[in-house]
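Written below as structure tokens is the structure these notes are about.
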């Protein structure tokens, strides 16, 4: 079991190793396995790169991001330019359904509005716009249309968890209310927790996932 001090060192080294991140602008604090990352970034895309890097570190139980995006002058774009670029990116993305995602932009903050059939389409739409120049943040307001009844959702998630990690599946309980799935239980790592939530989101008809899984410490 890693100490908080060792986790802090590992996270700082991982951030420095990732060439997509300017680690010199980031501070790290760890308490009881929960990492708090703070600082100022040049792009919104870097914020996600930081989160991915921290998640890669073994032993991290949770992440709190206190990161501010301050765009350099050459990255600044008007809201109209950002909206046009976002719509173009969505139109060219093969996983985003045509004509069902609208874009609202205010002060560099992009909001996605509309509905899709699957969670991966919802995620793909966000990925398409968050790396654009001028974007300071993304609010994903896309809704997923329900496509299955609760029993079908429960069986699909249970089967998938057993296929992916049978031992972890036995430690996770699943409740389905409409299209809302609640996961409870204990897993060994943040990666296992993220995998379980991702598995639930992949089931057809899932609108949202309430993650109440705890990481063993």
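Every residue gets a Cβ built from N, Cα and C, even glycine.
If you look up TrEMBL, you'll see 3-71 (among others) marked as domain 'BON'.
Summarising the annotation, TrEMBL assigns domain 'BON' to 78-146 (among others). Helix, strand and coil residue tallies for the domain 'BON' (78-146), in that order: 26 helix, 22 strand, 21 coil [DSSP].
The domain 'BON' feature in TrEMBL is assigned to 149-217 (among others).
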DSSP helix/strand/coil residue counts for the domain 'BON' (149-217): 32 helix, 22 strand, 15 coil
